[in-house]
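> These came from Swiss-Prot, pasted as-is:
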- His193, His197, His225: Cu cation A binding site (BINDING)
- His344, His348, His384: Cu cation B binding site (BINDING)
- Ser120: O-linked glycosylation site (CARBOHYD)
- Ser172: O-linked glycosylation site (CARBOHYD)
- Asn309: N-linked glycosylation site (CARBOHYD)
Amino acid sequence: DSPGGASDAQKTFDVNSLMPVKYEEIRDPHLKELSLSFDPLSGHYDDDGVSAKRLMKELNEHRLLQQSHWFSLFNPRTREEDLMLYNVDEHSGNWDTFAGNAAFFRVHVNEGFFVYASYSVVIHSKLTQHVVLPPLYEVTPHLFTNSEVIQKAYAAKMTQTPTKIFAHFTGSKSNPEQRVAYFGEDIGMNTHHVTWHLEFPFWWDDAHYDHHIERKGESCSSWVHHQLTVRFDAERLSNYLDPVRELHWDDVIHEGFAPHTSYKYGGYFPDRPDNVNFEDVDGVARVRDMLLFEERIQDAIAHGYLRYNGSTINIRDNHGIDVLGDVFESSMYSPRQDYYGALHNQAHRVLGSQADPHGKFALPPGVLEHFETATRDPAFFRLHKYMDNIFRKHKDSLTPYTKNELKFEGVNIDSIYEKGNLETYFESFMYTGVNIMLLTNDVDDVDIATYITDLAHKELSFQEDVTNEGDIGVLETVRIFAWPHIDDDHVEFSFNEGRWDVIEMDKFWVMLEHGHHSIDRSSFDSTVTIPDRPSFHDIEDRTSEAIPHGKELHIEEFESVTGLPNRFLIPKGLVKGKDMDVMVAVTSGEGLAAVEGLHRSANFAHHGCPEVRYPDKRPHGYPLYRPVDDERIITGVTNFKHIQVKVFHH
């Protein structure tokens, strides 16, 4: 049974009803009545109402961020306010209290931090563990589309003309970076990035929230950004661009960026011209501080330990990357924020403020100061290439793998091959513009359909023929990786470079009995990717049908949204075919699967989540996580197999 005294369908309906028109009046009669009559101090809480009393005191004393104003999580004060609301929701003891608070604060607090707190608590609260929210690009479309779309939507509303709007990427053909705008500006990719930071928030404090988020530093700070970086480089190679160059604090920011995007309230996102020198940002950080924090982290990597309370923390092991990830961000898990700083978070603020570093023009935050918009700016990938290279120094300092550590005795991959051609193409993706316009009772609503161009691929599958020579069945973990075969100079990547640039394609578990087996794995089943979330209207229709009949929603596949959009599994191909290397590794799952029954169900969060342990005890990227002294160590084990494929684009 769903906890809290309400069905999952009712919970989903209530929360969704507060989302799509967050800037206007609540339309559901029951929730509207709650917004007027509910008293947060009368609710049932597991913290005796401490959080509610604190937030209500701030609200009544008019100390909270005003409505109709931009909100940025990176701003310490607005983040503090947002977490006050999160705490009230998190400590709600039943659904009546949760729904009452949601309706009440929906009309009393800043719209931006209401949305952030709501999405955060739905992900982390036990009361809402099966609630599915609409995609953020429907709820806060101004953060996901350009101003041209916004203007056309308003024109359609005012003229009462249902319309289709075709969105364009920013920039022009004279800007080479425009060739890969389909990656950084994709609304699914933007949603993927912000969702990771919702699932693994840097502000999470175990002492306040009653549980530890396992491997947060490794999963979010290191691995997901590493995968974004290597995938971006693969897309660049497909478009005849050099791999992205890392950022340097003592160098200029080479690429400018004009977002052509506006806040709902607060003006346009600031532009940044080409070749801007870094400046100190008042009230945020000095450039020399960023260099100092980097030097201290580099020093820790070189020594293999961090200093903490007069002792040391060893990082020359599998857990070290998790510690370093927390230090980089830095999260509340960082051993010494005062000494190692917050390189990642401060870098986002420093980069985002370069258009107005001293506040002379009172400009709002730049795109890099919002997780929703950050990947739109090419500087995002320069920043994360810079951080990725520091992580690489750590990983390359680890003891190389030996053959005995990699082999799986008695298991052989006899052959692997792709079934059919690997083909990519561009298609139009439609989403509703329901939340772009002000919805009022004075002017009728009109249908606004927004279309964007997405990269997609046809279904692909790999077949692995595997033999288990042992007498008993064994649990096996199958890992599929890929990387570009040649670099931008048409030189074949060395194995060590390819190892670092691998794109994770899939990871799954199978139980193999004695004998020969053929494993046919479709891209549709990949645990790395997820489908697009259902739209607000789709969720509304499903809940409206389920609630009166006491039915279940059955939308479990959308509960975890940490994966990549499923259309981005493989990088863009070429008309003549893009050469890619594919490696399949079959390794032992016995004693290394952290969750029971993985071979019987794919319904697990691939990268883990706060209430579920990460399913694989191995480090992200295993068995290519650490270096090897000789490529023949990899090619010489029978449980690894490598082939070359071509990816075509039509």
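Here the Cβ of each residue, glycine as well, is placed from N, Cα and C on the backbone.
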> Spatially, and counting Cα to Cα, which of the recorded positions is closest to His197 (Cu cation A binding site)? Options: Ser172, Asn309, His384.
His384
> Quick one: pull the CA-CA distance for His348 (Cu cation B binding site) versus His225 (Cu cation A binding site), whole Å only.
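Counting only the Cα atoms, the answer is 14 Å.
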> Which one is it, among the recorded positions Ser172, Asn309, His344, that lies nearest to His225 (Cu cation A binding site) by Cα separation?
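Given the candidates Ser172, Asn309, His344, the nearest one is His344.
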> By a simple count of other Cβ atoms within 10 Å, which of Ser120, Ser172, the glycosylation sites in the record, is least packed?
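Each of the glycosylation sites Ser120, Ser172 was scored by Cβ atoms within 10 Å; lowest is Ser172.
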> With the Cu cation A site defined by His193, His197, His225, which remaining residues of that chain have Cβ atoms positioned within 8 Å of the Cβ centroid?
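These residues sit around the Cu cation A site: His192, Val194, Trp196, Cys220, Val224, Leu228, Phe371, Ala374.
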> List, in sequence order, the same-chain residues at least six positions removed whose CB sits under 8 Å from that of His344 (Cu cation B binding site)?
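Listed in sequence order, they are Ser221, Phe328, Glu329, Ser330, Met387.
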> To the nearest whole angstrom, state the Cα distance for the pair Ser120 (O-linked glycosylation site) and Ser172 (O-linked glycosylation site).
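If we compare the Cα positions of Ser120 (O-linked glycosylation site) and Ser172 (O-linked glycosylation site), the gap is 36 Å.
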> Neighbour count, 10 Å Cβ-Cβ cut-off, for His197 (Cu cation A binding site): what number do you get?
19
> How many other Cβ atoms are found within 10 Å of the Cβ atom of His225 (Cu cation A binding site), counting all protein chains shown?
23
> Give the sequence-ordered set of same-chain residues, not counting His344, His348, His384, with Cβ within 8 Å of the centre of the Cβ atoms defining the Cu cation B site.
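Sorted by sequence, the hits are His225, Leu343, Asn345, Ala347, Ala374, Phe380, Leu383, Met387.
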> How many Å separate the Cα atoms of His384 (Cu cation B binding site) and His193 (Cu cation A binding site)?
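His384 (Cu cation B binding site) to His193 (Cu cation A binding site), Cα-Cα distance: 13 Å.
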